[in-house]
Structure formats: structure tokens, C-alpha cells
Protein chains: 4
Amino acid sequence: MIKVAINGYGTIGKRVADAVAAQPDMEVVGVSKTKPSAEAYVARQRGYPLYIAEMSKRQAFEDAGLEIAGDVTDMIKHADVVVDATPGGIGEKNKKLYELYGVKAIWQGGEDHEVAGFSFCSSCNYNEAKNRQFVRVVSCNTTGLCRIIHAMDERYGVGRVRATMVRRGSDPGEIKKGPVDAIVLNPVKVPSHHGPDVQTVLPQIDITTMAMIVPTTFMHMHALQMDLKSDATKEEILAIIEAHPRMGLVRPGTGITSTAELREYAQDLGRPRADLYESAIFADSIGLVGRELFLFQAIHQEADVVVENVDAIRAMMNAVDEAAVSIEMTNRALGFTAI
Amino acid sequence: MIKVAINGYGTIGKRVADAVAAQPDMEVVGVSKTKPSAEAYVARQRGYPLYIAEMSKRQAFEDAGLEIAGDVTDMIKHADVVVDATPGGIGEKNKKLYELYGVKAIWQGGEDHEVAGFSFCSSCNYNEAKNRQFVRVVSCNTTGLCRIIHAMDERYGVGRVRATMVRRGSDPGEIKKGPVDAIVLNPVKVPSHHGPDVQTVLPQIDITTMAMIVPTTFMHMHALQMDLKSDATKEEILAIIEAHPRMGLVRPGTGITSTAELREYAQDLGRPRADLYESAIFADSIGLVGRELFLFQAIHQEADVVVENVDAIRAMMNAVDEAAVSIEMTNRALGFTAI
Amino acid sequence: MIKVAINGYGTIGKRVADAVAAQPDMEVVGVSKTKPSAEAYVARQRGYPLYIAEMSKRQAFEDAGLEIAGDVTDMIKHADVVVDATPGGIGEKNKKLYELYGVKAIWQGGEDHEVAGFSFCSSCNYNEAKNRQFVRVVSCNTTGLCRIIHAMDERYGVGRVRATMVRRGSDPGEIKKGPVDAIVLNPVKVPSHHGPDVQTVLPQIDITTMAMIVPTTFMHMHALQMDLKSDATKEEILAIIEAHPRMGLVRPGTGITSTAELREYAQDLGRPRADLYESAIFADSIGLVGRELFLFQAIHQEADVVVENVDAIRAMMNAVDEAAVSIEMTNRALGFTAI
Amino acid sequence: MIKVAINGYGTIGKRVADAVAAQPDMEVVGVSKTKPSAEAYVARQRGYPLYIAEMSKRQAFEDAGLEIAGDVTDMIKHADVVVDATPGGIGEKNKKLYELYGVKAIWQGGEDHEVAGFSFCSSCNYNEAKNRQFVRVVSCNTTGLCRIIHAMDERYGVGRVRATMVRRGSDPGEIKKGPVDAIVLNPVKVPSHHGPDVQTVLPQIDITTMAMIVPTTFMHMHALQMDLKSDATKEEILAIIEAHPRMGLVRPGTGITSTAELREYAQDLGRPRADLYESAIFADSIGLVGRELFLFQAIHQEADVVVENVDAIRAMMNAVDEAAVSIEMTNRALGFTAI
């Protein structure tokens, strides 16, 4: 059993913990919180040992009826791999600790590529992650872009890729972040950082991206255009997506045309937390104008990287040789089938 | 086994179906849809026989790969009780059909009291529903009001009750209804219909309500004020709520101050569809100024009536003698424990 | 003085009426409403003669203290040009009336190109509108696209144009339309109708568009990419936009990065109704990658076509020979200067 | 001419500056900003001398083409009265400066009562503000409550007052604050601070308030209930509101039922920045149940205190003897008539 610690039990961390716990070859040895909150009670309900960043806060946790197993250093000592899901920028500061204890560590896309020196996407570069001490799983948006671009590139070759990302303003459980009624260019400057971030995984791709933020809470939407280098048909592309373990088709029969209906459907199908680990590509949106491909894909900002973290653990531990096998194990353990 | 049919497999109907299916003494004999959609696939996934309103649409369903068991009349013939969860106003038109086939029927709060001649809330008037052919489960807001008012009235006696209801603009899965950025008085006239609706269950209560609609999707919020007829303490009131099977306390330790955080917590705890069947009363909001009680409660518009429907079925079938026993059975089958 | 009647005094109609009234060579001979409402009082405040669609409603208007000058037919008899700003689809039904009375008429972009047989954008095809009986002013989004594409095409030649339009869910004064919390693909199919609509004005342009709807009320946002046929510099493009009478630059010094801040600024500068008649192009967003141009532009859905209607009137009446002169007259009368 | 300086040219400050500039007996001697932004350009457009908090930022302003008249201390020296509209909590820190220079100062409701030792509402306690050096204009919500409560109290006597305030999440021009999709109890504890704040102006009133925040940008909504001490009729109350210079009726004939429609109407009537200085009381909402009065009022958070600041200046300078005369002067200068 691979021993996994989750440093930062928040939006991503709590999902990674559950995904790890569901795997047959892994166990959660601990999760960490900085202060008592609703999520600390969730950790207790799940039975994850709870560690805290600063022992000076021990009393506050105990007053809230939450038992503390130790501090983050204690947690790390029990782990083969630490998944660092602390807020963007904090993760980098933890690097010294991981080096000191010689533990493997995974950062999220909120950190720079340089923190790990290697950026990961399961279906793109699993093999290159093998035996590494440090890996960075790219952000939700970058993961969504890499999956489809790599799949198209493998089959047809891909020329220039142009994407507009319409991002959610805040996560569903947040109450302080906006905007309430605005479209915000973020950044105003074109291109946005998402293109170079894709290139940390797929360096050869010519990609330019634009990004904005809108007042919604669930999922980003990508309007994607890419030039293919050879002829394709819509049927082929539908088949590639259908066969891909991390992309799903939103089928016209469902009548779904929005992120809200997609969440409702995920919830109805029993997905925990309505999580969509796969990119949700709208089948009807796939359009080919000559060799130019257009499509819309919705990306669940809280979920799509969760499964990537699980595969990254296996690659770093060299526990499973083939990407496809790890991906299949991860998916099966979470019981997810195409929507 | 009580045979239950769900006429109208939408927001409420699909939840009632799952709640019925989870009961040890009931089974779902069928659900009905008017057109193929995402929810029809959900019914199929659940294994509920699918009936349709008009046989002329059979082909559309079959083209979508959905097997049809018959029309609504066929469904009714298999049922002891029909839960009518069709859109407001449609339910009344179905009454003749239920009379014709002599089947018991439950309507939702979108219909007038007169459709059934009896309005129901599990913890208020279970016994009066026994052996009735027709029952109306009151709306989500009225259910939430009845629960707390009745509990306070039983213990302290209740004088005048004043409530402001801040209602969600659309359900989470809706995309056409607004408002996007407005507070809408609905109705402008004071009092709103909610007071008289409470009186269909609790006729003796002096209640006046005001209501508005705001741009959110999950839960209504009630700002409630009531004059108690005898002395009370905050501790007592907390204890009454804690002991009540259909009210839950939102505890200060969780840090939860909003509907969004409540949903996140429900989701984290594994509630299917993040459903909150119980009124969520904010412990910290409970304030006593003399004998005047103030509190905030959040009401999940999609969920709180679901469990009431299940109890109504038992009462109408005279299957369980005591309200408390039915309520406990319903709750246990759904696995819900205080948040 | 050109006599102008406004058929449909709503979001667009009320703005066209004020813009016409401000022109030195035009007058408003009447506006029409179907029912008494806040806008009918506004018409009275402005002193516009009020006509009604059906005389059967005369009493309702008079009960509201609103004097009625006659019905729509009466209004038309007084007009040289009717600006039809009735809801999409209704305008076409009015065509027979305009033909019967031999009056010139302008439709809005909610109607098909075929209703008028000619689609108009002031800075693109003013001359072709001269002496026409019927003209259609293209929609707000199409107007915004035509302005920049035509300006770039004139100077550099334009190859393929790709645009993603993120559209507001409802107008600021609407309360029924959503979505509240969703990104809606509208349409799901790519390309959207906006490309072909641009081609009704600029038939030679190779344009493909994708469109979605988000929960905001003020302005659409276009993420635009176009291939130029000759070399360009950012400085030149800034200069072209600055010199264009219907495009404005959002300058970095203002710190504005969103539609909400833009509205605030327009309001602060004293623009009536915060109206932005010009396309608001974010200076900082202009990016050139080789000969590929990227930019963001915000389009005020209630305002940008208003000034186009005024110019269309002059062209149809052959009242002013040069487009530039009419555009300058229109702008000056409204007192609008670059933001 | 009373010389007025505005310390903090933001949402409130920029409106106070324009309102002061419009008065026949006042002039704006300066406004202050901490950094260059869109609002600094607005100040320049208006011709208000621009002062800055720290001279070290002079270069940044000059690089943006904005001329600087000096620092805040320089500004204060030119003023009879400083209106401090800096963000909540900052104003108090400025007190020493005002004391040092012996200048009169007005704070906004974001500061505590103690900062000035006197809290002001034009129609409640104008006379008590005379000759004071320091005055605090109460917050937008408190102003709205004081106006109606005082008017009812004067006429009928008022017993207990209970109010639920549904507050906007962010101002229209903000983009960082939320919530996007939530109802937030703020505070969770009942009562909220608004009741005691009303008592800083009307100490004898028995008032308890509850408050929440919702995802909208324009106006707070108050659901108000008060016990009158003598008999009243709806007609009388309508007449009192109609005659009140700072309350306006939203009439049923307009069809307006929401804040969004109210803004649209204010904008259509030509109100600068769509500002509603008066409380907007929905005529149809006024309900009497015995001697209990219910009503809804909408409060424009950016505007209602603006006119109160102007009156406070006159009272502090003892420039106009009667409240009614100052209020009338203020209103007339802004050209506002009942909506």
C-alpha cells in the first residue's frame, strides 16, 4: 500500500483524499488543516488522521471536539508521497520540508512549473513521471486543454490551437469572491498564461489563449479551435473522445446545453459532490470546417485534477508500469462511467 | 409493500422516487415523463419503469434508447398511491384520473389546498391523514414554517409569528429563470400567501409573511420572529431543535454562515444530491428578547418535502400508526443524521 | 426635419427616440406601446406623443393618466421613417403595414436579413442604404464585429476571423430571464449564427463564431482573433481604433478590466443610461502574434445599434451624402467623446 | 459659499462632490485620491482640484496625466468642512488631522458613533447638528430605517419595530466581492447592529433587526414591520410618504416590483448614475393588520446618504436654520422629483 498524506484538506485536498482512499493500492495516512472548520469534521467523519500546521492551534481543534494526530512534520514522516494541496504560492514554501525528509511530493497547478521541474498530465506524459521525487499536476484548465490537444495531436497532428476560457468566479462553497454581475478580463493582456502552461506538458504545441471570469460557480467553459494537420471526420473525433478514459461526451439526447444541467445530471447519477473528473465535451458542438476543429468543453475546476494526482502517485512510486492501466484503476475505483 | 407511482419525474419527483425506493415497506412501480431528457436516463439507470403522458411520444423515447412501459393510466393501475409531482396547476387536472381509478393521490404545495381538502406536514398532523384518499403535502417554505412553529407552539404556545422569506430565483439545474441581478418582491403585496398556507396545517396560528426572490439557486432563507406565550431559554430551544427529527442545527464550530457553505458541507458528508431534508436552523442566530424568539432557517426547496411525501404515503395507507415511527423509518432509510 | 416614429418603445426604442430627438435634422413624431408601464411614463416625461397597438387598451392607458394620440396606423401616417423596435419576430409582421402606407422602415437585428433585403452598419455600407425603403440594422453583436473587422480589412486585408461571444443573460431591467448560475451554450452547435450575420454586411469575410450566455446583465464580451493579410503594429491598430468614430479604447491608466467598471465609468462621465454607443476595445488586450491579431471588445447590447439607426435614417432619406458626416452629426448630437 | 473638501473620492465621495457642487451655497475645494484610477479622471473631467494622500505617489498621478494640487493636509487648509468618505475604519484615523487644523468634519456610517459623538439624519435631528465640529451621517440602511420610523413615530407613535434587511453583495462597479450564488447571514447572530445604530439617532425606538447578503449589486431591500400606537389608514400613510422629501412611492401603475426595474426607471428619468436619494417605498406593499404596519422599501446604498451629507454641512455651518429649508434646497439643486 502506498502511504499518501494530503497537505491542505480543502477543495482539492478533500477530493484527493477520498480518491486515494478508494484505490486498492493506496491509503491515506493523514490530512492537514490550519484551523477547525466544517472540513475538519468531514475529515473526522471519513476517519482520516488529522494533522495541523501549527501545534499552537491544538487547543482550538480539541475545543471543537477534533482529535489531533500531530503536526505536518509528523504526518510527512508517515508518508511515501505528500499531495500538497495548499493554496497557490504556499506549496512552494513547503518544498524544503519535503526535501529535508526526503519524501516525494506533488504540487498543484497554482504553483509554478519550476517548483517541481516537471508538469504532469496522466494521458500525456505518465512515463516521464516515473521515479521522480517531485511532480506538479497542471491546473484544471491546463489539464482539460492537454487531454484533448494531445488526443488530437496523436491522431491527426495539430497546428495552431486557439482557446477562449470562460472561468467560474468562485467555487460553489465560497462566499467572499465575486464578481456578482460582471465579465472580468483576467488577464486583460492576450495571450493568457494558459498557453505556456500547456507547453510545460506539450512543448511542441502552438497555442494562444484568452481568459475571462464570469459570475458562476460550477465549471469553466472552453471554446476551442484547432487546426488539424490531416483530414478528420466528426464521427472519428466522437469515437476518439468516447474511447478516452478522461474525456466524456455530453450527448444531445440529454438536452443538456449548460454547466448547470451538467451538474444536475452528475448529481442525479450519484457522482459524489457532483464531481466530473472527465472533460465534458458537448457532442453537438464538435464542428469541422475543412481541417479546422471547433468544440466546447466544460471543465470541473474542483475535480478534473483529482484523478491526475492519483495517477501521478503511481507513476512516481513506479507502482504501475503503463499509464492506461493506472488510469483504468483510478477510474474503476471511483466508479465513474461516461455520462 | 406499498406500491407507489410518481407522476412527474422532475426536481421533486425524482427525489421522491429515490426516497420511496429506499424504504423497507415501499416500492416504485413507475415514474412518468412527458419527453425524453437527462432525467429519463436517470430513471433508466435507477431501474424505474418509465411511463409517458402521451403515447404519441413513444417513438421519441424509443429513438433515445428509452424503453416505455405504458402510459400514465397504465401506471396508475399498478399503484396504491400516486405521488403527483407535476408542475403547479397541472396536478389538479389529474384529479379526475385518480378518482376514476380510485387510487390514492398526493399533490405538492404548488396546488391549492382545495385539490385534496387536506394539507399535510409529518410532524404536525400525521394522524389526520390516515386513510384519506387525497392529501396535499404543503410547499417547501410552508413545511419549514410549520415544523418550527408547531414545535414552539407545543412547548411554549405561540402568539404572533412574522416571517420574511428570501427565496431562490431558480433551481440549480434551471437555466431560463432569473433574476440575474435584482431583488424581486414576490408578491409586492403584504402579506404573502405563505401565512394562509401555514394555516391550512395549523389553523390557529397568527402568522403574517413577506416574500422576495433573489439571484441564488440553492435554498430559501427564512428570517423568523415569533412571540412565545411562556418563558423560554436558548438552551431549551436548541435542545428542542436538536431532538426534532426534521430540524437540524447549523453549529457555530463549522463556521457555516451561508447557504453555499451548507451545500458544500451536505455534499462533503455524502448526502445524495446535497439534499437537506431537514430545516437548517442556524444555532447562533437563535435570539430571545424577552419572550420574543428570532432565528434564521435555511430550507432546501428541492428536498424538504420529499420525506414528508413518504410519511404521507404511510399515513394514507394506515401502514404505520405513529407519526414518530414513520418519520424515524423514513429518516433511517435515507441514512440522514444531524449535520 | 425628418419625421421619425418609433414602433416599440422598449429597451432599444426608448434609446432611439432620445437619440433621434437630439439630432438637429430629425424629430420624434410618436412612439408606441402595447400596455401602460414605467416606460409609458418616461415617454410622457419626454413629451413623445404616445400611440398604442390596440385601441381596446385605450382605457387602461387613460386610467394610468397617460394620454393617447392614436393607434399605430395613425402614428405611421405622420412619419417619414418608422424605426421598428418591436420584439424579435414581431417586426416582420408589421411589414405589410409599412408597405400599405408606403413609409420607410428600419428593423432591428432580431429580424432576419430577408425582411428588409439589406443589412446595415454605418461604417461599412452607408452608401448602399441610400434611398432604400427598407433597411435592417444588424444586431448589437454583429454591429460590434462588423466595425472592427471592416476597419482591419480596409487597412490590412483580413483572412479568417474567429470570435467567441460571451453574452449577457438578461438586460439590466429584466427580472424573469436567467441563468442565475450557469454558462449556457447558445447555441451548442458551432458555428453560431453570428458569422453568417456578419456576412450580410461583409459578404467576403471568412468568419466562424461560437457563443455562450452567462449570468450578467451589462454588455457582451467578444474574444476576437483575426488573421491579417499584411504586417501591422500594435501602435497602428491603436491609432485606427482611436480615430474610428464608433470604437473607443479602454485605456490601461483607468485600471478598468471588466464590464462592471466600464459601466461605472460611463455613468460617472455622465452618459445617459450609462450608454456605450461605441465598441469598447481594451487597449491592453490588443496582441499581435505574427500577423494574427487578438483583442477583447465589450459591446453594450442596449446602446451600440442606437446610433446606427440614426445614420440609417439619414441614408434612407438621402439627407446626408457622406457616411462620415452623418456619423459625426449623430455622435456630436449625443455629446459622446472617447472614454 | 461654504468650502467643502471630500477626503476619499470613491463611491460615496464622488457623489457627495457632485451634490455639493450643485448647491447654490457650497463649492468643492478639493477631492482626494490615494492612487490614479478611472475616478481620478472623473475628478479631472469635473474640474475638482485633486489632492493625494501621499506625495510619494505624485509621479504616478502625473504619469497618468493627472495634475496634483497638493496633499490632503493642503486640501484641509482650504476647507470649512471635510466630508470624510474614506473606507470604513480609515476615517477615524483622520480625526487627529481634523482636530489639528480645527476643521469641521463629517464621517460616514462605516465609522462608529463615537468618532463624532453625534449621529445624523436630516429629517430626524437636523437642529442638534448645528454648530457641531464633528458629525457622523449614519449608514445607508440606518438612514432608510430612520426616515420611515421617525415619520411614523411623529404621527402615530411607534412601538416595536422589526426589520429584515436583505443587502446587496457588492456595489455595481466592484468585481472582487461576492457572493456569486449564496444567501449569507451577516451577521448570523440576531439582532444585527442596525437596530442599535438606529438608536444613535432615535434612542427611544424599540427595534430589532436581522440582516443577510445576497448576490445583487443595486439596492438593499427592507422588509419592515412596526407596531403603531394609534389607528392609521393606508391612505394616510401613503400621503405621509408622498409628502416626505426623502421618501418616494413606487406606484403600482409603473409595474415595478424589483430593484432592477427601479434602476431602469431612475436611469430613464435621467437621474445621474441612476441615483435614488430617496427611500423607495412600494405603495402596494403597505399593509395594515390592525395597528401593525408592513412595508417593503428599497434603499440605494450608493446614494441615499449623499443628500444627508449636504444637509449636515449646512447644519454644522449653521447656514440654514430649518431642516425643511435645507432639505428642499438640497433636493431642488439635484433636480429630483418623486419617481
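FYI, residue positions are counted from 1 along the chain as it appears here.
Using the three backbone atoms N, Cα and C, a Cβ is placed for every residue, glycine included.
When the candidates A:GLY70, A:GLY102, A:GLY110 are compared with the NAD(+) site entry in TrEMBL, which names A:THR11, A:ILE12, A:ARG168, A:GLN301, the shared residue is A:GLY110. Among the binding-site residues A:THR11, A:ARG168, A:GLN301, the ones whose Cα sits within 10 Å of the Cα of A:CYS140 (D-glyceraldehyde 3-phosphate binding site) are A:GLN301. Following the DSSP three-state reduction, the secondary structure of A:ARG168 (NAD(+) binding site) is strand. Here the Cβ of A:THR11 (NAD(+) binding site) has 19 other Cβ atoms within 10 Å, regardless of which shown protein chain they belong to. Separation of the C-alpha atoms of A:ILE12 (NAD(+) binding site) and A:GLY195 (D-glyceraldehyde 3-phosphate binding site): 23 Å, rounded to the nearest whole number. Closest in space to A:THR11 (NAD(+) binding site), of the binding-site residues given as A:SER139, A:ASN141, A:HIS194, A:GLY195, is A:SER139, taking the CA atom of each residue.
Least packed by the Cβ count within 10 Å, out of the binding-site residues A:ASN141, A:GLN301, is A:GLN301.
In sequence order, the binding-site residues near A:GLN301 (NAD(+) binding site) (Cα within 10 Å of its Cα) are A:SER139, A:ASN141, drawn from A:SER139, A:ASN141, A:HIS194, A:GLY195.
Cα of A:HIS194 (D-glyceraldehyde 3-phosphate binding site) to Cα of A:GLY110 (NAD(+) binding site): a distance of 12 Å. Here the candidates are the binding-site residues A:SER139, A:ASN141, A:GLY195. The one whose C-alpha lies nearest to that of A:GLY110 (NAD(+) binding site) is A:SER139. Other residues of the chain with a Cβ within 8 Å of the Cβ centroid of A:THR11, A:ILE12, A:GLY110, A:ARG168, A:GLN301, the NAD(+) site, are A:CYS140, A:ASP171, A:GLU302. Sequence-distant neighbours of A:SER139 (D-glyceraldehyde 3-phosphate binding site) (same chain, six or more apart, CB under 8 Å from its CB) are A:GLN108, A:GLY109, A:GLY110, A:ASP197, A:VAL305, listed in sequence order.
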